[in-house]
Amino acid sequence: MERAGPGSARPQQQWDQDSVEAWLDDHWDFTFSYFVRKGTREMVNAWFAERVHTIPVCKEGIKGHTESCSCPLQPSPRAESSVPGTPTRKISASEFDRPLRPIVIKDSEGTVSFLSDSDKKEQMPLTSPRFDNDEGDQCSRLLELVKDISSHLDVTALCHKIFLHIHGLISADRYSLFLVCEDSSNDKFLISRLFDVAEGSTLEEASNNCIRLEWNKGIVGHVAAFGEPLNIKDAYEDPRFNAEVDQITGYKTQSILCMPIKNHREEVVGVAQAINKKSGNGGTFTEKDEKDFAAYLAFCGIVLHNAQLYETSLLENKRNQVLLDLASLIFEEQQSLEVILKKIAATIISFMQVQKCTIFIVDEDCSDSFSSVFHMECEELEKSSDTLTRERDANRINYMYAQYVKNTMEPLNIPDVSKDKRFPWTNENMGNINQQCIRSLLCTPIKNGKKNKVIGVCQLVNKMEETTGKVKAFNRNDEQFLEAFVIFCGLGIQNTQMYEAVERAMAKQMVTLEVLSYHASAAEEETRELQSLAAAVVPSAQTLKITDFSFSDFELSDLETALCTIRMFTDLNLVQNFQMKHEVLCKWILSVKKNYRKNVAYHNWRHAFNTAQCMFAALKAGKIQKRLTDLEILALLIAALSHDLDHRGVNNSYIQRSEHPLAQLYCHSIMEHHHFDQCLMILNSPGNQILSGLSIEEYKTTLKIIKQAILATDLALYIKRRGEFFELIMKNQFNLEDPHQKELFLAMLMTACDLSAITKPWPIQQRIAELVATEFFDQGDRERKELNIEPADLMNREKKNKIPSMQVGFIDAICLQLYEALTHVSEDCFPLLDGCRKNRQKWQALAEQQEKTLINGESSQTKRN
């Protein structure tokens, strides 16, 4: 370093710290010699301490990340050694040695079935009751009755016999048995199981007549509603008596003894009625008659309870058979979600007798909406189509109830939608509902195995009466059965989605193999050359001018761009903080460079390098580095270099329209997802693992930021999110301490760096614009040739004269407000805004000149004509 002598007229040179550091970076031999000669033990210890990377005891360092793109880290198997969800053993193997009937049997036609033929069971014949008046034989009659009850489950036959036993005690003229039932609206009523049982009457005669009585109406209805017996001497004097039955049958009712039949929970399950006492006490029933009647009716309660258990078990058997058939159906078809849901909907419609079945699939990426809707009506059951049509008239499907059920995670049963006050309808909406003929509705959430997440909703409309075809309300049984149905429906959906995920993974593998066939890791010779050159000297950032927003790479070789990248990692303290080996860093940089296609005019390695350089300048010269964490800086630089990996020179729209395999992998940001996958592939490749010094948590965090940053370069996402960022800036509410706002800022910063070519000095901007136009015109040519479509003006080679005006429009619509907002965050980023404004003036002048030329040309042509 030269100094001015005492007598020299030349002033002493003033150097700031950055200039000294840059000079030391450029003169590595002197720096090394000075450190060896002047370095103290404290300096050496501090040097080591600066490079020691502390890893938490509970976290395990990553030496080689070989995880797939979709799942970067897998938890240790020992971490989940005890799974809470593991079912406990509830039956031992020895219990299967008991002589139970076969699970699967064949019926008379040889068809395999889960149900046994209950009609073929051998039953002991019912014995006729003995009507001895000897009280000593009453005990034997009771024992005989108990024996019959224990061996038979026919409610009608047993109750008929009980009434014949009762007749021997109380001697009434007629007996009737009414059972409590519920309709589809859960309203109770009474139906006669035995009517007018008399001495000498047969079972067939007593059970043929079926009468329905309303709840809490008449003598029987009153006893059923209040659960208290009635002993009426003269029926016609009681206002509760209904004489319509007498008028129909021509029978004269005098005295009535009516008693409730209760189960073990003291619930009324039936009502027994004795009519017209034959002898004694003036034709009225005595207290002894009441006691005897009540005693025998206790047996009726037992019979009804046992029979209900038996009927319930038969019903459950039949339900289980349907569910087993549904399970078999689900596992037969797992390839197509449309096919499996068509079969499920057809099963539900036919079994539950409903008009319409709609299955809504929740969007995994946006839980507030549905990704797919599958609708089927009973008229479609006879159609032979193998798939459900997704595209339907939106007016045919109502989303409001499904959205409500998805949010509440509880079933919804509406007997009449027009009368339900939870969903206010306007007159216009009511007309729409009437047009759709919606009356009763049952809607149930479809949950995953953990019961804490809704993956879909099943909606049934209009329960139909089998006999009359009229619409009725869904009852509790329908709710329970649909809840069981949707469990299997959820299994089918999840299995099919897993199958589709496997298919997507296979498509991803095909794309990866295609990429790997084109690309390869950096050659060892090239890596050694860069490593040797970097070990000798890497010029300072000032010398390389990579902290300038006006930086241009046109004069640099590819090897020099790699050296600049090493300097960026070094000056951002990433090499030191994360213990990156120079050999690994060199190979990773060259591998990234190699994975950019050379036949792409603009979106190649040079564009990625310029994006990273702008990011470096924003962090350093723009003073943003001190406002971010080391992991965020690391992720941003990696994302900037990798954000267009394996770009094919075409946009997302072309990928979709050409039906490229990449379009099968992602529903949005197709190329950006692919760029991230390529980034992970390189990071996980042997010799390229620059993140191996991170802990597991740091690795996860870094990958998350990298993915968010790369996806942020999709202009469609930028346009969707920028309004929130601009509003925060405008209202002075922007706060980098808020995690969401910080994520939003990093996304905006990535876009600003990606578009930074628009801020370069005019000669550089013109050259880059020519490269962009070349790439766009190549895509337009391919659209004409391969897709037979007329390209947009931006891609149309024949509209080249519109480039200046399109550039002005692009700056106004996309760029200008972004750089204004970025300048509000950091005033040191003003050169980006200033460059953008100056280039807009240049493009505006060219556009006006182009327009004048066009007008003059048209005028000259008119004069000639």
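Heads up, the Cβ atoms here are built off N, Cα and C, so glycines get one too.
Summary of the site annotation: Swiss-Prot records Zn(2+) binding at His607, His643, Asp644. Screening the candidates Asp714, Asp738, Asp754 against this entry identifies Asp754 as the one listed for that site. Along the domain 'GAF 2' (336-493), the predicted structure has mean pLDDT 78. Packing around His607 (Zn(2+) binding site) is summarised by its Cβ count: 23 other Cβ atoms lie within 10 angstroms of its Cβ, all protein chains included. When secondary structure is read from DSSP and collapsed to three states, His603 (active site, proton donor) falls in the coil class.
Shown in sequence order, Ala608, Thr611, Glu672, His675, Ala709, Ile710, Thr713, Met750, Asp754 are the residues of the chain, 6+ apart in sequence, with a C-beta less than 8 angstroms from the C-beta of His643 (Zn(2+) binding site). Sitting within 8 Å of the Cβ centre of His607, His643, Asp644, Asp754, and not among those site residues for Zn(2+), are the Cβ atoms of His603, Ala608, Thr611, Ala640, His647, Thr713. Distance noted between the C-alpha atoms of Gln807 (3',5'-cyclic GMP binding site) and His603 (active site, proton donor) is 18 Å. Distance from the CA of Asp644 (Zn(2+) binding site) to the CA of His603 (active site, proton donor) is 7 Å.
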